[in-house]
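Taken verbatim from Swiss-Prot:
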BINDING   Thr12, Arg82, Glu83, Tyr134, Asp243  sn-glycerol 3-phosphate binding site
BINDING   Thr12, Arg16, Thr265, Gly308, Gly411  ADP binding site
BINDING   Thr12, Thr13, Ser14, Thr265, Gly308, Gln312, Gly411  ATP binding site
BINDING   Arg82, Glu83, Tyr134, Asp243, Gln244  glycerol binding site
Amino acid sequence: MGGFVLAIDQGTTSSRAIVFDGAMRIVGTGQKEFPQIFPQSGWVEHDPDAIWDSVVSSIHDALARARITAGDLAAIGITNQRETVVVWDKDTGKPIHNAIVWQDRRTSAFCETLKRDGLEATVTTKTGLLLDPYFSGTKLSWLLDHVEGARARAEQGGLCFGTVDTYLIWRLTGGKSFVTDATNASRTLIFNIAEHGWDEELLALLNIPAAMLPEVKDCAADFGVTDKAVFGAAVPILGVAGDQQAATIGQACFAPGMVKSTYGTGCFALLNTGADRVVSKSRLLTTIAYRMDGKTTYALEGSIFIAGAAVQWLRDGLKVIGDAAETGRLAAEADPGQPVYLVPAFTGLGAPWWDPDARGALFGLTRNTGPAELARAALEAVCYQTRDLLDAMHKDWQNGEDDMVLRVDGGMAASDWTMQRLADLLDAPVDRPSVIETTALGAAFLAASRVGLWPGMDAFARAWARDHRFEPVMDAETRTEKLRGWRDAVRRTLTAG
């Protein structure tokens, strides 16, 4: 057995591969971006072959930088963008359509029809989710209805459905493994999180044939072995989790009441609720945090669709910055007397508002508003939305401790200005870990602990290390005024008024 573990982190805009050694140190990385496809307003797609090519390229780069070969790997862990739908031919492996991405809103009208028919309560009771285009089920139904012959082929067992993890495992194993894990399954809108299986009633509701669904496993399990012809060596795939659940694991949020927030393209906060499957009264999601040895740990999740993507918009859309790294410096230079609010509802608003038809808006603009004020507004929007999520979580689940500490990760967590403003607006400490690649770390832990290369959960939690703690310094009056302005801006953006 080799002494290294490979984490594949397949994201929304790029794929990453990270090699860890037996001491949990990063020894090699690779990253490859791939194109985003926008066929219509509100539609977002990926070419599955482009996803695959980016994964292969990043793996080759990571192994080369680690100065090892595939044969030196003890195991592979996979983490991935969730909810994104891929459908492919079981015999040829060829996708029948581009992947429909989690950000895609094309099924908004279908979701509204189902809501009007009074079906959301049934969906939420079974899945912990809401009837929103965000999740996989309505996307899959759309594909079956709009790709010629797809439904008949699916009913005959000729098509495979998967989230991105399933598609990658299929290709890595040369088509031998058709599997997913409980966390990815829990995001599909057709998986019953209480009974731990695909739900016949929901499949009938969305007219999805059960024959096209993968087997669901624990997060740490035997997912298959890579095909030597594809990968260069036969390496076991032993860990899989959706990206936000993998980050929860990588942050060692194993105790009920612990909460983490990941800042990438979107922002996602998860609160560990242990064995307690909390029914949210604040339109948060009840989801599976992880499933180990057949035991399910649940979480409350709040999903923000636009976080780092707002900074990309400043760079690529408005062209007011040249590089994302400039944003924090610019924000620090903003005029404190000019309160500008950005509500980044570019693809609707997520939790706790769930308004798919809301669109982005800027408030408070004057003739003196410039790039600095826009940069501050973009970064503060992420902080305000996080505050909304955590307020809703604590309203739903009273078992958490009053002295909450938020563990953060993702690209935006590297910004000292943003993390300080986050602590200020939360009125709570924010901890940034020493290993910022927590999503990949979580996937690596699942695989490495199963193969015996790394320790178990207790020892892993003790090894978690903090890089920096940001303590709140903003006075209560300023914080209250800023939050009031934000909530007024959101209210004016919502389509319901």
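Even glycines carry a Cβ here, placed using N, Cα and C.
Positions of the features from Swiss-Prot, shown on the structure.
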residue	record	Cβ contacts under 8 Å, 6 or more apart
Ser14	ATP binding site	Gln31, Lys32, Glu33, Phe34, Ser54, Ser58
Arg16	ADP binding site	Ile8, Asp9, Gln10, Thr29, Gly30, Gln31, Ser58, Ala440
Arg82	sn-glycerol 3-phosphate binding site	Trp102, Thr163, Thr183, Asn184, Arg187, Gly242, Asp243, Gln244
Glu83	sn-glycerol 3-phosphate binding site	Trp102, Tyr134, Phe135, Ser136, Lys139, Thr163, Arg187, Thr188
Thr265	ADP binding site	Gly11, Thr12, Thr13, Gln103, Ile306, Ala307, Gly308, Ala309
Gln312	ATP binding site	Ala324
Gly411	ADP binding site	Tyr263, Gly264, Gly308, Ala324
Entry from the binding-site residues list Thr12, Thr13, Gln244 having the most other CB atoms no farther than 10 A: Gln244
Count of other CB atoms lying within 10 Å of the CB belonging to Gly308 (ADP binding site): 21
Non-site residues, in chain order, whose CB comes within 8 A of the mean position of the CB atoms of Thr12, Arg82, Glu83, Tyr134, Asp243 at sn-glycerol 3-phosphate: Gln81, Thr84, Val101, Trp102, Arg187, Gly242, Gln244, Gly266
